[in-house]
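Pulled from TrEMBL:
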ACT_SITE  B:E328  active site, proton acceptor
ACT_SITE  B:H329  active site, proton acceptor
BINDING   B:Y130, B:Q192, B:N215  NAD(+) binding site
BINDING   B:S238, B:Q260, B:H263, B:H329, B:D362, B:E416, B:H421  substrate binding site
BINDING   B:Q260, B:H263, B:D362, B:H421  Zn(2+) binding site
Number of protein chains: 2
Amino acid sequence: MLRILNCLEDIRSELRRICDRIHDDQVIHKEATVQQILQTVQRQKDLALIHYTAEFDHVELTADSLRVSGAELDAAYQQVSKELLDAIRVAHQQIKAFHEQRIPKNWVQFPADGVILGKRYTPVDAAGLYIPGGRAAYPSTVLMNAIPAKVAGVKRIIMVTPPGVNPTINPAILVAAQEAGVDEIYRVGGAQAIAAMAYGTETIAPVNLITGPGNIYVTLAKKLVFGTVGIDSLAGPSEVLVIADETAHPVHLAADLLAQAEHDPLAASILLTTNAALAQKVTREVLHQLEYHPRREPTEKSIAHFGLVGVVESLEVAAQLSNEFAPEHLELQIAAPWDLLDKIRHAGAIFLGKSTPEAVGDYLAGPNHTLPTSGAARYASPLSVETFLKHSSLIEYSANALIKMAPAIMTLAEAEGLPAHGDSVRLRLEQPDQNS
Amino acid sequence: MLRILNCLEDIRSELRRICDRIHDDQVIHKEATVQQILQTVQRQKDLALIHYTAEFDHVELTADSLRVSGAELDAAYQQVSKELLDAIRVAHQQIKAFHEQRIPKNWVQFPADGVILGKRYTPVDAAGLYIPGGRAAYPSTVLMNAIPAKVAGVKRIIMVTPPGVNPTINPAILVAAQEAGVDEIYRVGGAQAIAAMAYGTETIAPVNLITGPGNIYVTLAKKLVFGTVGIDSLAGPSEVLVIADETAHPVHLAADLLAQAEHDPLAASILLTTNAALAQKVTREVLHQLEYHPRREPTEKSIAHFGLVGVVESLEVAAQLSNEFAPEHLELQIAAPWDLLDKIRHAGAIFLGKSTPEAVGDYLAGPNHTLPTSGAARYASPLSVETFLKHSSLIEYSANALIKMAPAIMTLAEAEGLPAHGDSVRLRLEQPDQNS
């Protein structure tokens, strides 16, 4: 059921099909729906949020119950086990420690007499996190989105997540949000939640940047509000590409592939190996482990549609195929993973060695688990503190420095047909400021 | 004609109107057109580029003449003056020097026994620059887009720009492109050029990241292809906000405002000053300088519609208004500009002091002139080397490090209902790799 391919061109074309598994045409016809939701929220604000939550989530809210109350937040701590709270705190501490490394700092330089240049970093004023709800209630996603915002120094961090019935929010999510320092939590999801954060409503003040994963409606809404606010990325279904040599363990490989497949029938699990015998063992082991999987059917679907084992002639070929695919997660389960690293150009997160399953990074190693999907690693990066920072250029010229550069500036202004650009320099030379 | 407002609330609401001068509804009805151009180029490739160039630019091309030839590139050097070539080279050298500062570097750390974490930076494989054509042929824009790509280490840098009649490209643009190391130049513009770079045609191989400014069709096309490729930002019309105290020179201020207004009737030129007499002098001086402006009419239009002088009670109030507006360019023409810097939260580029007109930064100070517009400085940064880089997280755990973290990982996996995530750790503990 997990196919094995041996021919390089077959593997390559299959990888291309898997990478493009979300087609534009599946998306475009949903755009009108999302556009309408955005416009309705812009006009009717809270009323629209209440309406759409009733329609899509079958939950009746009021303007007062949109925001999760302090009592509910307190109660959440009683509803999670001590063990889970401890695990959340371990993850929090490690994610925070990693994200605090190498944060860009303000700097100035003095490249010439009378010239100061520099960069000055500031956080966005307010960030909004979208956290999926329902069955896929992931406290780790709360930590991975909120912690970099907090480390960046964002003053106001809000979170939206669709309500369950009652209409409660998963207590683990509420605990993770409080541990990470989220300031406001609203029980609203879907495109309407993105609209609320972008445009603001009576209850939800707008933010400047929206991050976090969601379904296709949420992703489309993020794309459409981009420009009104910043967004982190357009998240697609998750994927792992594993490169394994003969030293890798088939049981471990099978578990890693299934850990990806269990996310979503659209998730993709790919193994490239130099060892044909290993390929056989892994496919058998996947079948075996699937038998006991509590959510066998959707996991099986993912493996059948977007699972692949490719047998390749060398690790270099595997690296080249991986670069073409640009996986979200790349595992190097080989004897000398650091040696292959130089050949890897595009990947969201790289897991080196046989004792580093993706789950380590999903939860608590420290690096972010919000990663570029669907080939976006060709141009995009993991969510990071930098996502929540922006910088301003700083330029100061003295009167003498301006005199020195005036001819070149005026020449360029003339060439570009922008006379007032030239005048802004010329008039400073002809009519110098008495005070400067 | 350049209005003076004295009431804080009037200034604030006028700034809001100016910031929102590009309305969603002006944009949305163009989307269907752009969507169709994108789809046609995806299907018909070169043929579509030739068709749209005939339709929109009234230029007949063939597949062979799409790419600017080596002979044309050589000839361009004969067509620019020695003075202009020198100015381009001065600008090139200074922009390069600035962009080479503080480029993020690969790093690893060893936070615990058997754990290696890090970040590894790599450039995109191929970048495509959109350079506007026609009257607004700006060699500076070529330098500002190509140099950071080159400094980032991008191996393939291509450029597209709409053809003039003949169908030549402005020689200053061709020279700037060659000086900056652009590898391929194509004479095609508009949404069709963006589509060609995103999807590829027979002649133009696709790229991974598209940068550069353009008109509303180009900007819409960039928004729509985002996800297939990366983009720098959604550029709107240019704007400057000047904060001036009584020490500023009205003639200089007027020239700076006009230098912005001459770009585009939609450009915005704003002065906030603590000195009412200065406000009067500047508006008179703007009128005076306009009389001699070679493109008086469009410049006047910009000043009339989106020009504003606000008299405010303090520099702190000016800074607060500026933060609300989040200007692309901010000039601090005040006695102590560095003292006010702490109060500034959002701006693309900040020009400090009275001898630093925006033109210095537009051309050659070094920092990029591709800056966030229309309030995007609330969440976005100038174009920079980082735009052309992305990073991968690196994670390695030893078998012992995994054992130590296993309980927390398995607890979180269970809480999230992802059993195979837990299994990928549990099975490594239960059936350890004999080789590791």
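Cβ from N, Cα, C; glycine included.
Predicted automatically and left uncurated, TrEMBL annotations should be read as such.
TrEMBL feature annotations superimposed on the structure.
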residue : record                 : Cβ contacts under 8 Å, 6 or more apart
B:Y130  : NAD(+) binding site    : B:M159, B:V160, B:T161, B:G189, B:A193, B:I194, B:M197, B:I210, B:T211, B:G212, B:P213, B:G214, B:V218, B:K222
B:Q192  : NAD(+) binding site    : B:I37, B:V41, B:A48, B:L49, B:Y52, B:T53, B:F56
B:N215  : NAD(+) binding site    : B:P132, B:G190
B:S238  : substrate binding site : B:Q260, B:H263, B:D264, B:A267, B:A268, B:E328, B:H329, B:T373
B:D362  : substrate binding site : B:S140, B:H369
B:E416  : substrate binding site : none
B:H421  : substrate binding site : B:I409, B:A413
Q: Give me the largest Cα to Cα distance among B:S238, B:Q260, B:H263, B:H329, B:D362, B:E416, B:H421, the residues the record lists as binding substrate, in Å as a whole number.
A: 56
Q) Near chain A: which of the recorded positions B:Y130, B:N215, B:E328 have their Cβ closer than 8 Å to one of its Cβ atoms? A) none
Q) Counting every protein chain present, what is the number of Cβ atoms, excluding its own, within 10 Å of the Cβ of B:H263 (substrate binding site)? A) 23
Q: Please classify the secondary structure at B:H421 (substrate binding site) using three-state DSSP.
A: helix
Q | The one of B:Q260, B:E328, B:H329 whose CB sees the fewest other CB atoms within 10 Å, among these recorded positions | A | B:H329
Q) Helix, strand or coil: which one is B:E416 (substrate binding site) in, per DSSP? A) coil
